[in-house]
Amino acid sequence: MEKFSISLIVFTVFWGLIGIVLPFLIPKGPHRRLIQTMLALTSACCWLFWLCFYLHQWKPLFGPQISSVDARALKVLWGQDL
Amino acid sequence: MTLCQLFLQPDAAYSCISELGELGIVQFRDLNPNVNSFQRKYVNEVRRCEEMERKLRFLETEIKKDELPIYDPEDNPDAPKPREMIDLEATFEKLDHELKEINTNADALLRNFNELTELKHNLTMTQGFFDDAEMAFTPAHNRNQRDSDDDQVQLLYEYSMISHNKLGFITGVVPRERMVAFERMLWRVCRGNVFLRQAEIPELIEDPVSGEKLHKTVFVVFFQGEQLKNRVQKICEGFRANIYPCPENPHERRELAMGVMTRLEDLTVVLSQTQDHRQRVLAATSRNLRTWQIKVKKIKAIYHTMNMFNNDVARKCLIAECWAPVSELDRIQLALRKGSEASGGGTVSSVLNRMVTREQPPTHHKLNKFTQGFQNLVDAYGVATYREINPMPFVLITFPFLFAVMFGDAGHGILVTIFALWMVLKERSLKDKWRNQEVWTIFFGGRYIILLMGIFSIYTGIIYNDVFSKSLNIFGSSWRVRFGDDTLAKHDSVILEPTPFNYTRSADYRQMFSGTPYPIGLDPVWQLADNKITYTNSVKMKFAIIIGITQMGFGLFLSLWNHLHFNHRHAIYLEFLPQIIFLACIFFYLIILIFYKWTSFDGSKATDAPSLLIHLINMILFSYKTDPPSAAVFYTGQKQFQTFLILLAVLCVPWMLLGKPVYRIIMNKRRANYSTVTNHAAGNDSDVEEQHQEEFHDPAEKRGVVLDADVRDTDTEDMLDDEHSHQQHHQHEVEMSEVWVEQGIHTIEYFLGCISHTASYLRLWALSLAHAQLSEVLWHMILHLGLSMNGYGGAIASFFVFMPWSSLTVFILLLMEGLSAFLHALRLHWVEFQSKFYKGEGYPFVPFSFRLLLDEAPVEA
């Protein structure tokens, strides 16, 4: 459960910094509003995208179906410890 | 944006317009729309400009014919003064005349030269004929060798001796391909009574009339009598053979030949000198050609603009009307002052006068080279209505993002980014290259769009874990194979178990999923899985729905912003609220369900996991069966809550359908009531209320005419909120039936659209699936063949297999799929996103600007 939340916190903070904190630090100029909009939208879209894929894999309803040849290779290469 | 009147002194008008053209921020209106272009005031000047342009074009073709380079000026020259125009005209006239003279002279000389060349060949060949005749003449009795030529000549001689008549002859030159037909024609017409000899000229000579190089043949025709002579002459004319006189006397022939040689030498010298003179003239012209072209274009533009003005004879000035942004009025004043001073001053300077009008001003967005491309995308569908929200800043990010969701391959994304980076970094040098290639100009114009698309594609490619259809394992997979070796030996394929719950109740059941998802993106194990598509379909579809509904909701909130800006209070309650409630009740609820399902159901409850689609359908149909477990309710109170939501949503339909028309009816009644009291000010009650807001901003605005406008703007740096303008809305009676119909259409469009647009967003899933599958096919069918071979053969095979793989990747995956994803992302924005708030009924602001004029001029090939 903790390892699950580590990634969640890291990425939320990362995109939060970019999308919420950074816009306040943009210097005054003709393009200030534009850059703020861009940062906020980018971080919102990218965070949402990452979140959906992360949550979908948290509690999978079924697992991957692998051919036994590949499975044996993976058993050797990756070991058996989760 | 405000409508301005300019009062210009006729002397100063030219330079003022020139300054405004350099500035490029006013759009002039045509004040003489009914006047024929031939009856306008400055039609003569325009004609003179066109004449100058014609001369310049002629000079340009001559320069191009000689393949001289044309020198491009560094920066554009200013528009010349009216006096300079006369000088320019004189220069062009002189150059034009000179060049034409050189050309005619050169042509005449060349023709002469060619004729003399033919004559020279004629003489040399016929020399041969007559020598043969003399040779045969002397040894008349020595006829051991029987050449056919000798026979002919012998016959000729005998015939001439017998007939005691001198044979006439004609010599000439005819193109070789016509020789056979010529001979046959002669034979037939003269019934075989003429004698023809011919000799081919070995080298190509230029025909004096047509100027092309041909193979020609010299011929001599012998005949007897006047009649035959006429016939032969007519045939020669018909075949366009050039006839040359040839003296019979060999001595005279030799003299003529030498004369011809000397004349040819002289002509060669004269021709080369003429060519040199021409080159010199053209080289001098080519240095100034572009500058002159720009100057003439500017002059013409200025006179075209001045033709649009109203010439007020009484007050002896020109009146112009133009649209100008209020924030730029100072710069315009400055330009006018500069222009008045430049033209020699005078005590009265030109005056700018602001006007109040009911017309809709043109829409002007302040753009730079980065935002211009995206604004073009938005404007292609419709230019924003004056002062409504510009979707461009949002489209700037969401368009490349949705493209990337459909494109989703990091390897392809890197290729696209490199291409776009090259175009962006080499902007300056690439700007004017290949300007005639339309495909290139389209790609170059969209270089920033492509750059963003590429960068986002790299990101989505990382999340999809797809680099040229292969996955990266950076953090270690969350799945392990923990089957026994005997299980693996018994079965062809195995399915890894995600849950800890031993539902098979066997002793060696093990959980194969670590419980922590792969940190960034899709787990690399899925690349080897046969059921990868089933797994990714689920997440891609859910994401497509989530992002779609979010974008539509965002569009609705933009419409709220529009309503607040234009102060349409009623629209907020009667349009925005029913729309957002409907969207929320059904589709935001769906999003909540998606997140709930993600977080609450794991592998142990896999067979009971609810199918959200079935639940949505059942929710609308009010059917709550318990039969398949995936359709049974999965939280307490679901039935009641969902029924409540549906009823609320259904309520929104009549709310939106009836709300606005009823409001209109009430407003009309109120207006009718007030007008009976004959109180105009109070009659526009609602409008006065709404305009109160503006009075705080800009008291000067309310006055009709403001002389020498010096009103400062508050928000010049904010490109979304320029100053408030007057409103031109509903002062007039609206036809009620129109309102009902319009509202009916809007209602149906919105509610049906909600559902169809939501489903339409599923194309994000469909295209990303297609792209991934194409990429995988290319890998497995092509590149894998080379990579899977061993040894040196494998190396060579890999080399050869790379070519088809890379070219198919570029053409099919990057170009075709890229174009397809571009189009679909654009459609999603135009239809699904913008229909929620965008009216797009404005017209663009096209300022009178020299820079625009010169950039848009197509380069002649």
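Glycine is no exception: its Cβ is also placed from the backbone N, Cα and C atoms.
Caution: TrEMBL annotation is automatic and unverified by curators.
Now, the feature entries from TrEMBL:
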COILED    B:35-119  coiled coil
COMPBIAS  B:689-699  compositional bias 'Basic and acidic residues'
REGION    B:680-699  region 'Disordered'
TRANSMEM  B:394-422  transmembrane segment
TRANSMEM  B:442-464  transmembrane segment
TRANSMEM  B:543-564  transmembrane segment
TRANSMEM  B:576-596  transmembrane segment
TRANSMEM  B:644-663  transmembrane segment
Same chain only, please: residues at least 6 beyond the ends of the transmembrane segment (B:442-464) with a C-beta under 8 Å from a C-beta of the stretch. Say none if there are none.
369-370, 373-374, 376-377, 396-397, 399-401, 403-405, 407-421, 423-424, 427, 430-431, 472, 520-522, 536, 768, 772, 818, 822
With a Cβ cut-off under 8 Å, give me the same-chain residues at least six positions beyond the ends of the transmembrane segment (B:543-564) that come close to it.
388-389, 391, 394, 398, 402, 405, 571-572, 575-576, 579-580, 583-584, 587-588, 590-591, 594, 754, 757-758, 760-765, 828, 832-837
Which residues of the same chain, at least 6 past either end of the transmembrane segment (B:644-663), have a Cβ under 8 Å from a Cβ in it?
570-571, 573-575, 577-579, 581-582, 585-586, 589, 619-620, 622, 736, 739-740, 743-744, 746-747, 750-751
Mind looking up the mean pLDDT for the coiled coil (B:35-119) in the predicted model?
86
